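For reference, the structure discussed in these notes is given below.
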């Protein structure tokens with residue numbers, strides 16, 4: 001059995017400043033502390049995350065979060081075995097703030113420095129919480145990303161498909177903005193949809209008529225915009241029932257797309273011949289109740305185990321970064337002072353870029 005390791009994790013890739021301490025012994029892990037300082041109030045007036053504001057907030061808060069995480073864990077820097085930090089992908093200003101702090105701590109203490117792919121942090125969370133064995137199928141669904149991955153190792157992922165445009169979380173945020181709901185959009189739309197009729201509006205289920213596991217959500221967002229504008233033109237505004245029905249219809253369409261694409265991904269994953277096949281979901285959108293329920297049903301029908309992290313570990317956090325750093329460190333991964341912040345960092349570097357990735361290639 002590998003020796004116990006205690007790592008500090010640092011996360012600053014979007015609008016959550018976070019630090020955590022995780023101790024691992026073999027396949028067992030314990031989160032000794034997890035501090036998340038969100039920036040929702042800073043960005044609320046803008047209807048979305050403003051990169052410059054986010055970067056400044058990270059620079060102001062990161063050292064305080066690290067101090068709190070160590071204090072809550074009852075440890076000092078001398079008690080750690082390493083420092084893990086999100087090195088990408090993400091908003092470059094925030095990622096850079098985290099990387100520079102981690103470098104300074106590593107240089108000052110002599111501790112190993114491990115750069116972590118933010119998405120690997122999400123994808124490896126089921127191993128932190130449940131000790132899930134490789135290989136497993138992962139649906140990574142968040143504000144900026146959506147892809148199906150077969151996780152074979154701490155740094156070995158095979159992408160089966162992903163969104164060619166908007167990620168579901170981004171679509172939820174834009175839907176909330178279009179309907180005048182507060183950010184972040186995911187919880188707001190889900191709460192509003194609870195009292196709505198999902199059948200009132202015939203929203204599309206994009207790309208279900210095409211084979212494979214790729215997805216698209218920008219057309220769904222456009223359909224909602226047109227439905228909203230039609231109601232405004234007809235009535236002069238939206239009632240509470242209109243908003244609830246629009247949210248319910250939008251959410252039902254997202255659920256249907258994710259459920260059907262998951263069925264297809266499970267068919268590809270079956271060829272892996274895993275001894276204990278499992279489907280896991282991670283990322284901020286994994287906190288959505290109807291999405292979890294639909295994926296649970298899909299997994300049960302396929303006869304595979306379904307795992308979803310606790311809600312506090314679905315959204316961005318540093319515990320997953322500390323754990324992913326431990327996993328990478330155990331596999332021989334370690335970085336020096338040349339570690340750089342990366343706005344783009346695909347998990348499966350051998351996979352072709354998805355349509356819509358742009359000239360610079362895949363972001364993740």
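Including glycine, each Cβ sits where the backbone N, Cα and C put it.
Binding of Fe cation is attributed by Swiss-Prot to 118, 122, and within the candidate set 256, 316, 335 the record adds 316 to that site. The substrate site in Swiss-Prot is built from 140, 141, 142, 143, 144, 173, 186 plus one of 288, 317, namely 288. Minimal Cβ crowding within 10 Å, among the binding-site residues 143, 144, 186, is found at 144.
Secondary structure at residue 118 (Fe cation binding site), as computed by DSSP, is helix. In sequence order, the binding-site residues near residue 122 (Fe cation binding site) (Cα within 10 Å of its Cα) amount to none of 144, 173, 288.
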